[in-house]
Amino acid sequence: MAETNCTQVTEFSLRGFTEDPLAQVTLFLLFLLIYLATILGNLGMMVLIRASPQLHSPMYYFLGNLAFVDLCSSTVIAPKMLVDFLSEEKAISYAGCVAQVFVFDIFGMTECFLLATMAYDRYVAICHPLLYPLAMSPKSCFQLVTGSYLVGLTNGVGQTISMATLSFCGSRVIDLFFCDISPLISLSTSDTTLSHLILATSASLFGVSSSLVILVSYVAIISTILRITSRQGKRKAFSTCTSHLTTVSIFYGTSIFMYLKPSSGSSREDKWAAVLYTVVTPMLNPLIYSLRNEGVKEALRRLI
């Protein structure tokens with residue numbers, strides 16, 4: 001009966017960070033700088049990889065796709081967030097919310113599998129160098145990247161179906177700065193069993209599998225490196241992995257803190273965790289590879 005008399009909401013209200021005008025302007029300028037750095041860093045990485053013949057290798061092919069995914073995932077969130085800092089009405093339509101959930105979940109899961117693919121690339125390069133040209137042929141690289149996008153698309157479709165089954169007849173206030181499936185499920189006035197099932201299946205099937213690929217790859221990599229007798233050989237092998245390890249640590253660290261940590265009861269703490277995951281991490285990835293990867297630094301010097 002409650003569902004029969006339900007008046008479905010047509011828009012949601014994003015609570016954001018603060019109501020203080022001065023703080024909103026300060027945050028607007030801060031996140032504008034972060035977003036501009038994200039655009040320049042990731043676009044610059046994509047252009048550098050395409051323009052530098054010495055970077056035309058599988059590792060940098062995956063890195064170029066990672067830069068594209070970071071750019072897209074940040075663009076789904078940041079422009080709307082920046083507009084809301086300067087607006088009194090922080091509203092987003094139901095259709096806009098569905099689109100944000102769909103696109104963000106596509107690129108979020110795609111990044112998980114791209115990082116797993118990059119870990120596998122390092123595993124083959126260090127543990128089976130003679131098989132590397134065959135295992136990482138252009139065809140294989142294309143298939144691995146295409147598979148990552150297809151998994152991301154499957155995740156996005158699943159989360160969108162999950163949201164489509166929900167009814168929203170009560171509160172329309174999302175205590176966050178973007179539409180995410182978890183707070184939307186908590187706002188729903190309908191049966192959320194299917195939504196929770198889709199969310200748990202996606203996390204278990206996709207998230208855990210990509211994490212296991214990374215974990216198993218690095219266990220094998222570390223085991224192989226420890227068997228190298230020369231210190232220079234060990235240092236060279238480790239240097240090819242440090243940028244990727246740093247990126248993986250930041251990505252999974254922030255995502256685990258955002259989605260898997262026990263509820264703190266502090267919405268402010270949860271929002272800043274979401275900022276690290278959705279806005280700051282896409283900016284850091286190109287900086288990490290620019291500062292720590294010798295191939296990228298050498299290509300940049302030659303281009304300049």
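The backbone N, Cα and C atoms fix where each Cβ goes, glycine too.
Just so you know, TrEMBL annotations never went through curation; they're auto-generated.
Annotated features in TrEMBL:
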TRANSMEM  22-48  transmembrane segment
DOMAIN    41-289  domain 'G-protein coupled receptors family 1 profile'
TRANSMEM  60-79  transmembrane segment
TRANSMEM  91-120  transmembrane segment
TRANSMEM  197-226  transmembrane segment
TRANSMEM  238-260  transmembrane segment
TRANSMEM  272-291  transmembrane segment
Sequence-remote partners of the transmembrane segment (238-260) [C-beta within less than 8 Å, at least six residues beyond its ends]: 59, 66, 108, 111-112, 115, 118-119, 122, 125-126, 182, 203, 211, 214, 218, 221, 225, 270, 273-274, 276-277, 280-281, 284-285, 288-289, 292-294
Folded-back contacts onto the transmembrane segment (197-226), same chain, C-beta under 8 angstroms, at least six residues removed: 109, 112-113, 115-116, 119-120, 122-123, 126-127, 151, 154-155, 158-159, 161-162, 181-182, 185, 234, 237-238, 241, 245, 248, 252, 259
Cβ-Cβ under 8 Å with the transmembrane segment (22-48): same-chain residues at least 6 beyond its ends: 16, 55, 63-64, 67-68, 70-71, 74, 78-79, 81-82, 85-86, 279-280, 282-283, 285-287, 289-290, 296, 299-300, 303
Per-region confidence, the domain 'G-protein coupled receptors family 1 profile' (41-289) (mean pLDDT, whole number): 86
